[in-house]
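Student: What follows is a structure written as structure tokens; I'll ask about it next.
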Amino acid sequence: MSIFLAQLLTGLAYGMLYFMIAVGLTIILGVMNVVNLAHGTLFMLGAYIAFTFINDEVNFWAALLLAVLLTAVLGLVLEKLLIKRIYGKELEQVLLTFGLSFIIADAIEWIWGTEMHTLPVPGLLSGSLSIGSTAFPLYRLFVVFIGCLLALLLWYLETKTRVGAIIRAGVDDRAMVSALGINVGLVFTGVFAFGAALAGLSGVLGGPLIGMYTGMDSEILVTSLIVVVIGGLGSWKGSFIGAIAIGVIETLGKVWFPSLSMLTVFLIMMIVLIIRPQGLFGREVA
Amino acid sequence: MKKLLLGVVLLIALVFAMPLVLSDFGINLATEIYIMAIFAMSLGLIMGYAGMVSLGHAGFFGIGAYTVAVIGQHVANTYLLLLLSVVISGLIALVTGAVFIRTSKFYFLMITLAFGQLLYVLFWQLKPWTGGADGMSVSAILNFGFGEIVSPNGFYYVMGIAFIIFYILLRLFVESPAGKITKGIMENEARMSALGYNVRVYKLLAYTLSGALAGLAGALYAYFNVFVSPDLSGWMFSGQVMVMVIIGGVGTLLGPALGASVFIYLQNFMSTYTERWPMVMGALLVALVLAGKGGLIHWLQHGKSLFVARKRTGEAVSQQPVKKGEAVH
Amino acid sequence: MSLLRVENISKSFKTLQVLRDVSLEVNPGERHVIIGPNGAGKTTLFHCITNILPIDSGAVYLDGKEISKLPAHHLAHLGMSRTFQKNNLFGDLTVEENIHLALAAKKPYRYDIFSPLISRTDIRKETNDILEQWEISNRRHVKVKHLSYGEQRLLEVLLAMASNPKILLLDEPTSGMSPAETAQTSEMIQKLPRSVALVVVEHDMDVVFAIADRITVLHHGEVILSGSPDEVRNNEVVKEIYFGGGAKKHA
């Protein structure tokens with residue numbers, strides 16, 4: 001039982017990481033109709049940036065902050081320079097973001113090599129919390145906490161703020177938003193940078209759990225795409241539930257039938273799509 | 001029909017003239033290009049004629065390749081192995097496609113990506129059969145009943161002829177009622193439905209044909225490369241073939257084939273000069289998008305139409321702009 | 001027996017009820033025009049009849065057979081055809097190719113993946129017949145996106161007629177047309193054979209009264225009157241809500 005609970009926590013922690021990265025992807029898709037195949041690479045980049053700072057004796061939290069800032073800035077620059085030229089052009093988006101992921105991933109390999117690295121768990125969170133006979137690693141609890149905090153923040157932004165209203169309207173009716181005199185371009189840039197920042201954040205937080213290695217960007221991208229598909233395009237709530245489900249099922253699956261965990265995740269996606277082609281929380285296409 | 005005949009004659013001439021000027025290395029590269037051209041045409045079919053953008057097409061390529069590698073340990077007959085590759089990849093395309101085509105475009109992109117990655121992981125994890133991450137060598141030998149084909153030249157002609165055959169078959173498909181209707185659905189699904197067409201049947205048909213052909217390309221590749229690995233189904237490869245299709249030109253058949261030639265050539269060329277070829281390739285992609293104006297074949301057609309238009313000046317003004325690129329398909 | 005029977009259909013989008021218990025009967029060969037102010041639910045009604053939008057309640061019968069649950073492509077085979085409000089053609093194809101696509105829908109070889117469509121003599125002949133009948137043979141090789149707006153709307157109707165339907169639903173056939181084009185289209189609609197029943201959503205009152213055998217007035221998603229053109233013209237309620245504003249273009 002206690003092993004099961006510990007695994008459940010691990011699954012939840014992974015789920016929260018998936019949520020953090022998938023939510024950026026899904027919001028960018030929902031608001032801007034852009035599919036960003038470089039999203040997984042931004043995740044990886046965040047982790048490597050933090051890795052460099054931590055190696056330079058920078059405190060984990062400062063490194064986290066710096067990595068998030070830098071990925072946000074990169075996202076901002078990319079949107080301003082490149083992404084904004086290809087709104088509404090699906091093929092171009094695929095080509096461009098695919099090209100970007102090539103460039104960034106190769107640059108990472110160039111700078112940091114192909115060895116596998118991990119980030120250290122920050123000292124403050126290196127212990128574990130014992131409840132009964134089960135020891136819960138503090139760091140995993142912390143990741144779950146941050147995930148829930150993000151969900152709360154998104155809920156607050158969506159329902160209580162003007163930005164949320166704009167973004168919601170943008171998802172539903174872009175023409176109306178511009179008619180209201182709102183600078184759609186600015187909103188888009190902001191959303192893209194926010195998504196990039198979340199990718200960076202999850203990369204750093206995932207560093208101590210998943211580590212960093214060549215090819216992780218595509219793995220994480222695929223997992224988050226599955227989360228987005230299951231949850232429904234543009235829905236952060238869908239991503240939240242989808243990510244937790246995938247995190248838990250994948251973790252338990254790895255324990256119970258190690259060779260088929262990916263198959264389980266894929267089958268879940270197929271079943272969801274057969275029942276609801278638009279995903280759990282996706283809007284019906286009229 | 002006449003144009004098709006002319007095109008085929010030109011292609012045959014090309015295939016048979018190339019060995020006269022190519023080195024051994026060049027022959028090998030050209031062989032690989034023919035296989036990739038078949039693969040790229042299979043993806044080009046659903047992208048350009050059915051409006052389905054798949055990022056998991058390497059999944060089918062891998063299925064075909066592993067069919068030859070795994071089943072080829074027990075079965076020697078080349079025809080049977082190729083048939084099995086086509087049937088297995090076609091069936092898997094049929095079953096998964098039935099679910100995938102119900103979704104809208106972004107979903108389709110993401111789901112197919114997940115599908116390809118699933119196969120990648122499966123080939124990785126089914127180690128007892130597939131050799132896992134290390135891959136496996138292919139023991140089956142290409143033999144169409146005229147003796148074993150092992151020489152570079154032998155492979156070259158087999159793949160060159162295969163490329164021509166599948167180009168003809170695809171050309172026939174896009175001109176056929178089903179092909180035309182599929183194209184109509186891509187342009188206007190609601191209207192085709194109102195006209196009385198069951199749009200899902202056509203989409204599924206195109207997807208299945210495309211998957212089966214990708215599987216066949218994979219099978220040919222397994223013979224050629226005598227080694228298969230999970231990377232054949234990875235998203236990198238899926239992405240690369242999509243790049244071939246796009247740089248060559250979506251909406252044509254020879255465009256993707258041209259894209260495959262350019263891509264494979266550049267890849268080889270660049271990787272001899274720099275280890276950082278993915279970065280160069282990425283930069284090229286970004287540049288291509290920013291330059292924006294379709295694929296290479298569209299540039300060729302554009303050039304041709306300009307030329308034709310100039311020749312026509314002085315003739316009576318036709319109602320219709322110059323037919324772009326009907327001959328170049 | 002009526003050809004098309006719409007029985008108490010209702011449709012809501014979330015909280016907004018667009019159609020409320022709408023009923024309608026169309027006899028074979030009848031010209032049935034649906035009018036009503038903007039937002040009355042006319043296009044939604046078309047979408048519901050042709051099952052592009054699923055209905056919440058009620059039923060639609062064609063020849064006594066319930067069709068409300070049938071997929072859109074079945075309807076064409078049962079003899080129901082439609083046009084769309086927005087131009088809905090294949091812009092990159094020529095006039096001829098557009099007609100080919102419309103004709104092939106009923107051909108047994110529509111699933112053929114091997115022999116070229118243009119090698120079929122029956123389809124070539126039928127296409128020629130249509131082109132000649134409507135006197136547009138000289139436009140056959142023009143890409144549809146290069147046609148004038150009026151020509152495109154005409155082609156729209158031709159495509160819908162190509163399957164030889166028993167009933168044809170025309171969604172605002174004259175919308176966006178110049179007065180001359182409108183008159184032409186009106187004339188063309190009157191020329192359509194009586195073997196086909198027409199259900200037309202139309203705004204232009206000249207066209208309405210020129211073609212209608214029967215008029216149904218839709219208002220806020222409800223049928224407020226269904227009757228002969230004279231009955232509609234003289235009905236006080238209709239005058240109030242519909243002609244009350246004065247400007248017919250406003251309608």
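Backbone N, Cα and C define each Cβ position, glycine as well.
Features from TrEMBL:
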TRANSMEM  A:12-30  transmembrane segment
TRANSMEM  A:37-54  transmembrane segment
TRANSMEM  A:60-82  transmembrane segment
TRANSMEM  A:94-112  transmembrane segment
TRANSMEM  A:138-157  transmembrane segment
TRANSMEM  A:177-200  transmembrane segment
TRANSMEM  A:220-248  transmembrane segment
TRANSMEM  A:255-275  transmembrane segment
Student: Among the recorded stretches A:12-30, A:37-54, A:60-82, A:138-157, which has the greatest number of Cβ pairs closer than 8 Å to the transmembrane segment (A:94-112)?
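Tutor: Per the Cβ count, the answer is A:37-54.
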Student: Given the cut-off of 8 Å on Cβ pairs that are 6 or more apart in sequence, determine whether the transmembrane segment (A:12-30) and the transmembrane segment (A:220-248) share at least 3 such pairs.
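Tutor: Yes, the stretches contact each other.
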Student: Could you pull out which residues elsewhere in the chain have a CB under 8 Å from any CB of the transmembrane segment (A:37-54), counting only those six or more residues past its ends?
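Tutor: For the transmembrane segment (A:37-54), the sequence-distant neighbours (Cβ-Cβ under 8 Å, at least 6 residues beyond its ends) are 21, 24-25, 28, 60, 62-64, 66-68, 70-71, 74-75, 78, 94, 97-98, 100-101, 104-105, 108, 111-112, 117, 119-120, 195-196, 199-204, 206-207, 212, 216-222, 224.
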Student: Are there residues at least six beyond either end of the transmembrane segment (A:220-248) with Cβ under 8 Å to its Cβ atoms? List them, or say none.
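Tutor: Residues 8, 11-19, 21-23, 25-27, 29-31, 37, 39-41, 43-44, 101, 151, 154, 158, 171, 206, 210, 265-266, 268-269, 272-273, 276, 278-283.
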